[in-house]
There are 2 protein chains.
Amino acid sequence: ESPRYGNTGYSNGMTGNGKLMDLLDEPVPGVGTYEDFNTIDWVREKSKDRDRHREITSKSEQSTWALLHSISDAFSGWLLMLLIGLMSGALAGCIDISAHWLTDLKEGVCLSGFWFNHEHCCWGSNQTTFQERDKCPQWQSWAELLGGSSEGAAAYIVNYLMFMLCALLFSFLAVILVRAFAPYACGSGIPEIKTILSGFIIRGYLGKWTLIIKTITLVLAVSSGLSLGKEGPLVHVACCCANILCHLFTKYRQNEAKRREVLSAAAAVGVSVAFGAPIGGVLFSLEEVSYYFPLKTLWRSFFAALVAAFTLRSINPFGNSRLVLFYVEFHTPWHMVELVPFILLGIFGGLWGALFIRANIAWCRRRKTTRLGHYPVLEVLVVTGITALLSFPNSYTRMSGSELISELFNDCSLLDSSQLCDYNSSENRPAGPGVYTALWQLALALFFKMLVTVVTFGMKVPSGLFIPSMAVGAIAGRLLGVAMEQMALNHHDWLIVKGWCSSGADCITPGLYAMVGAAACLGGVTRMTISLVVIMFELTGGLEYIVPLMAAIMTSKWVADALGREGIYEAHIRLNGYPFLETKEEYEHKTLAQDVMRPRPSDPLLVVLTQEGMSVGEIEGVMADTDYSGFPVVVSQESQRLVGFVLRRDLVISLDNARKRQEGVVSASLVFFLEHVPPQPFSGPPVVKLRGILDLSPFTVTDHTPMAIALDIFRKLGLRQCLVTHNG
Amino acid sequence: ESPRYGNTGYSNGMTGNGKLMDLLDEPVPGVGTYEDFNTIDWVREKSKDRDRHREITSKSEQSTWALLHSISDAFSGWLLMLLIGLMSGALAGCIDISAHWLTDLKEGVCLSGFWFNHEHCCWGSNQTTFQERDKCPQWQSWAELLGGSSEGAAAYIVNYLMFMLCALLFSFLAVILVRAFAPYACGSGIPEIKTILSGFIIRGYLGKWTLIIKTITLVLAVSSGLSLGKEGPLVHVACCCANILCHLFTKYRQNEAKRREVLSAAAAVGVSVAFGAPIGGVLFSLEEVSYYFPLKTLWRSFFAALVAAFTLRSINPFGNSRLVLFYVEFHTPWHMVELVPFILLGIFGGLWGALFIRANIAWCRRRKTTRLGHYPVLEVLVVTGITALLSFPNSYTRMSGSELISELFNDCSLLDSSQLCDYNSSENRPAGPGVYTALWQLALALFFKMLVTVVTFGMKVPSGLFIPSMAVGAIAGRLLGVAMEQMALNHHDWLIVKGWCSSGADCITPGLYAMVGAAACLGGVTRMTISLVVIMFELTGGLEYIVPLMAAIMTSKWVADALGREGIYEAHIRLNGYPFLETKEEYEHKTLAQDVMRPRPSDPLLVVLTQEGMSVGEIEGVMADTDYSGFPVVVSQESQRLVGFVLRRDLVISLDNARKRQEGVVSASLVFFLEHVPPQPFSGPPVVKLRGILDLSPFTVTDHTPMAIALDIFRKLGLRQCLVTHNG
């Protein structure tokens with residue numbers, strides 16, 4: 001259960017054959033570690049690390065080897081970051097490539113090698129024109145392969161069935177693997193990572209099994225065509241890599257606070273590879289995920305995020321030397337008047353975000369409380385079946401989420417052959433029939449995506465929320481963009497249009513609307529602000545479009561906040577009942593520490609230990625009667641002035657240890673927390689000295705401290721407990 | 001002296017004609033404010049703001065007007081940011097344009113209007129080719145205007161003399177204006193702003209006079225040709241704007257902590273307009289300047305930085321729709337082997353940074369301690385004279401710093417006519433004679449800049465360090481870049497070159513080397529890391545070049561840190577003796593609070609007040625005998641258990657107030673810090689109740705708290721004092 005509470009230190013102590021006093025002064029193994037589902041004490045962890053660092057520094061002056069050790073210790077952080085970047089980048093590349101291949105496998109097979117995806121398969125083909133590139137002889141759809149024909153109703157039905165069959169197979173495999181090997185691998189993982197970073201311990205959540213299973217099932221889940229994305233889970237994958245790599249370095253293995261610094265950096269790495277946005281990733285970690293983020297971590301996360309981005313780029317999973325499928329470059333500027341539709345998109349995004357969170361949380365609560373929760377495999381299969389059934393006929397839902405976004409972001413050039421770019425080539429470029437068909441299909445896709453995402457997020461498969469949210473926003477944005485464009489083209493004598501839209505010029509970019517819409521919806525769901533702007537900025541690579549993005553994202557956040565304070569991750573944290581102290585919210589009430597503290601005035605008095613005069617038996621009795629995790633130590637029962645604080649876990653371990661190893665310790669042995677034990681009569685049993693486990697600097701506030709200040713202390717210093725004193 | 005210690009509240013109280021008790025319960029004016037050159041108490045300021053906010057929220061449910069007030073209060077932060085962005089952007093635009101004009105005025109005058117600079121003057125001219133554009137008939141050099149000829153030795157001497165004369169005139173005006181009106185306007189201002197943001201109060205440092213004089217003298221100083229830049233002072237200018245605009249909003253006028261949040265955002269705005277890098281500016285503020293930077297401020301700073309960047313862009317001071325003169329776009333990729341010269345540039349940057357800091361600090365200390373400091377005007381004139389004398393003959397020193405950097409960053413295209421791009425047009429493009437001349441001139445310019453910057457920074461004119469540091473690095477980088485390029489061209493059969501440098505292709509970009517060198521030198525001087533990378537990223541607009549930049553900047557920081565821990569701003573803070581608690585450094589020693597606290601064991605006992613039983617006279621006596629800024633209040637002299645803490649300033653004001661306004665208060669009146677005053681005999685003088693000014697929640701640590709933790713508490717909570725207790 002707790003691998004670090006081992007016996008190694010203990011047996012070393014016994015073989016050391018030293019004097020009794022030496023044995024007692026040695027640190028008892030297990031003291032200073034934590035149990036599962038507990039919160040760490042940041043202050044204690046940090047001072048542990050400082051002590052370790054001081055020791056290494058002082059030793060380094062003594063010998064060359066120690067100096068080398070000290071240097072390697074200083075650089076181990078950078079090395080660790082390098083490794084995390086390389087590993088996460090490589091994993092993200094593998095995930096991208098395999099998901100691409102599996103997604104294409106739903107539609108057909110490459111004859112020159114089944115491991116090629118559609119695009120790779122047709123690279124060698126002679127059909128070099130844009131339209132025909134997709135139809136090379138090596139690539140055969142399932143109908144061609146099984147029935148020999150690629151036309152007609154029968155072929156369509158064969159393809160349809162194979163599509164559904166593959167989707168069901170993939171999602172079945174995903175959910176079975178998750179259930180069998182790593183139950184923690186489901187979901188996006190971001191709520192749990194937020195909780196872990198705030199100091200909570202969930203053993204195994206970032207372990208190697210979770211990593212392996214999450215990577216495999218993520219590919220399967222994405223390929224099955226469910227309305228989910230790989231971006232959120234990539235953060236979890238990067239954090240798993242970081243946690244596993246931490247075990248290589250003593251410095252990080254043994255210190256929970258240091259490890260959390262590394263995990264913060266890993267969250268940045270995850271976003272960096274997910275969106276190809278290293279700066280955005282660092283800001284995401286800073287704004288959204290992290291709890292304690294010193295400057296040193298900022299710089300290291302940036303380094304790791306860059307390494308990961310470059311690793312991914314050298315793998316080049318999309319063959320376009322970009323890190324994401326939906327990288328865009330726009331060229332036409334936008335006009336002030338367009339801020340109105342952008343803000344409308346922001347309102348849409350905010351409304352959708354707030355409603356999505358409510359609906360999703362209600363659905364997840366239903367899953368937890370009703371019988372629905374007992375059949376996770378069936379649930380996944382049913383949702384996959386319905387998704388596949390409904391999505392095949394519509395080409396915009398059949399393609400994967402990131403392909404859809406890429407198509408919607410696309411700025412129609414004259415050569416573009418896609419349906420959305422089917423403009424008549426007359427002077428004003430009015431929309432052709434293809435565009436109108438596409439609009440209908442997109443409208444249907446919008447409703448479909450909105451509904452199916454609500455039931456998908458939270459199922460027992462790895463599922464990210466970024467891509468589905470962005471897809472919803474991108475569809476809405478593109479629809480609005482095309483509408484605006486046609487309005488401007490048909491009515492370019494209108495006053496507002498006249499000023500900037502000269503006849504025949506492309507004055508409105510529907511792709512930009514899609515991007516603004518995507519950002520607004522994502523902002524509404526996650527309540528990210530600055531990091532989202534920067535991610536989008538890195539996707540487009542120009543300062544030019546920051547103002548539309550900011551206007552939409554800010555509107556979206558305000559609208560969503562007005563309908564419900566929490567983002568999706570906070571809502572899921574609360575739903576799962578994790579302990580999490582929100583850092584962003586202001587404490588509004590005017591209570592004082594004395595109104596909040598336990599025990600309340602009506603409760604029995606506070607249980608305290610005295611610094612001298614209590615026996616082992618009495619202390620064990622106190623511990624048996626209560627279930628507090630720690631006890632204040634006071635001068636005496638009469639003069640309850642505070643001396644220190646002792647943790648239950650440390651006390652249990654130390655008393656057990658004393659009983660086992662120290663001869664003659666019985667229940668009547670006196671326990672001393674004093675530094676100098678007064679001389680004892682020879683006849684009595686030996687005393688137990690526990691000064692070592694006593695925290696001599698517990699944090700205290702007076703009973704008149706406003707709760708807002710107390711909360712601030714908890715947040716900023718990462719306390720586990722705080723004692724309330726009155727006149728000392 | 002202290003404008004907020006006014007009498008308004010006082011006279012209101014008197015005219016209110018209430019009962020005596022009401023008068024006493026009213027807040028005494030002046031309580032809770034600070035004196036000049038004092039440190040603020042962040043915790044107290046924040047709880048003041050929370051109280052204010054709570055009051056507005058609770059009132060907002062009562063009436064529509066109060067609701068409107070509450071909404072306007074919530075949005076006032078955003079409005080303030082908008083105003084700061086607009087004002088700073090506009091000011092930066094004016095500074096750019098006027099500096100450009102004045103710099104050109106040193107060389108000649110435009111006949112079509114003296115207010116045109118060289119470039120504007122020649123826009124209308126017919127010579128449209130690149131080479132001749134600079135020689136339009138409307139623009140006349142001083143020699144043409146005064147002597148009628150533009151050729152020959154006489155004309156050269158006339159130009160030389162006019163150049164020096166103008167330079168001396170501008171710098172004389174600058175130093176006289178600074179001395180006469182705003183002594184705080186000199187220097188870059190960043191060290192002082194760091195100190196102010198950490199909670200120190202320097203009245204007038206961010207006032208309107210400082211703003212006006214700094215703006216004017218900055219233009220003059222930059223135009224005089226001294227080796228200084230406008231980037232650092234722009235941060236000061238933006239902070240002045242912010243401070244002045246804060247006075248429009250009660251929320252920010254009355255709260256020192258809230259005002260510092262705004263100032264942090266303003267620092268971001270300053271860098272945003274200086275480099276056209278909004279994201280880099282925000283990170284600069286976060287990494288380098290700010291002390292307390294909550295997420296809300298992050299988002300607001302970003303907004304303000306963007307507004308400022310767009311304001312500046314719409315002014316378009318350089319006519320290239322870019323925000324800086326030295327915006328570049330490179331197109332050729334770099335090769336792994338090139339990391340070696342990049343790291344060499346990093347070492348150079350680190351060495352130069354460390355040496356510059358030492359030399360500059362030594363020179364500034366000399367100025368402070370010797371007679372040199374008594375003649376600031378003369379010093380400025382002498383330095384300007386020498387600078388102008390030596391810089392005129394060399395065209396690379398004659399041009400302004402940002403023009404030089406822009407020239408060095410420039411990627412030579414085939415059409416480029418500058419001397420540095422004088423390559424032979426044969427297959428391998430070996431360097432022509434122009435390049436070799438340029439290299440000699442650049443080498444001379446490098447030594448000149450290195451020496452003259454040391455004596456320039458710290459003079460009594462506004463002077464930024466960014467541009468001179470970048471210029472030094474850019475020259476070194478360009479020299480190395482050209483050397484590498486020629487080596488690769490002449491020896492492209494060498495093994496390391498062979499792999500990536502095919503014959504005839506441009507495989508090395510000397511401009512990139514210049515940029516990397518500039519970043520390395522700036523990093524060495526300021527020890528900025530991530531913000532510098534992001535600023536450079538925004539200047540080039542491509543992720544491609546982040547790795548070279550990071551390698552150089554990291555090397556530079558490590559080398560510089562090995563030679564001296566402090567950056568130039570920290571060194572100047574220490575030189576000037578400002579109180580500043582460095583947030584980045586780790587505390588290494590193993591002392592406990594009891595070893596550091598005052599009074600020391602050998603000193604006389606701690607001076608305390610008791611919660612009851614002391615008279616006004618006794619307290620005044622205690623205050624007269626000591627000069628502590630505050631006193632702990634204990635239960636009684638015998639049982640010194642802590643009740644609270646009272647500040648000297650509050651005590652003085654309250655006692656004065658009581659003597660003036662409360663009848664019959666004499667020295668023998670008893671002072672009570674208790675909530676309920678025990679009944680007094682009728683015969684005695686009235687009692688003074690001071691419960692109101694008593695801080696009931698002073699921060700305490702136990703005597704066994706390690707200093708590292710105590711320091712952490714001070715840093716994170718922004719404390720002004722902390723009491724050390726032993727067993728309560």
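A Cβ is built for glycine as well, from the same backbone N, Cα and C atoms used for every other residue.
TrEMBL does not curate its annotations; it predicts them automatically.
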What range among A:293-312, A:373-392 does TrEMBL describe as transmembrane segment?
A:373-392
Honestly, do the transmembrane segment (A:262-286) and the transmembrane segment (A:75-95) touch, with at least three Cβ pairs under 8 Å and pairs 6 or more apart in sequence?
yes
Kindly say whether the transmembrane segment (A:438-458) and the transmembrane segment (A:160-182) touch, using the definition of 3 or more Cβ pairs under 8 Å where each pair is 6 or more positions apart.
no
Among A:75-95, A:202-222, A:512-537, which stretch has the most Cβ pairs under 8 Å to the transmembrane segment (A:160-182)?
A:202-222
Within the same chain, where does the transmembrane segment (A:234-250) have neighbours whose Cβ lies under 8 angstroms from its own Cβ atoms, ignoring anything closer than 6 residues to its ends? I mean 6 or more beyond.
76, 79-80, 83-84, 87-88, 91-92, 95, 188-190, 192-193, 206-208, 210-211, 214-215, 218, 259, 262-263, 265-267, 269-271, 273-274, 289, 308, 462, 464
Give the residue counts of the domain 'CBS' (A:597-661) per reduced DSSP state, in the order helix, strand, coil.
24 helix, 15 strand, 26 coil
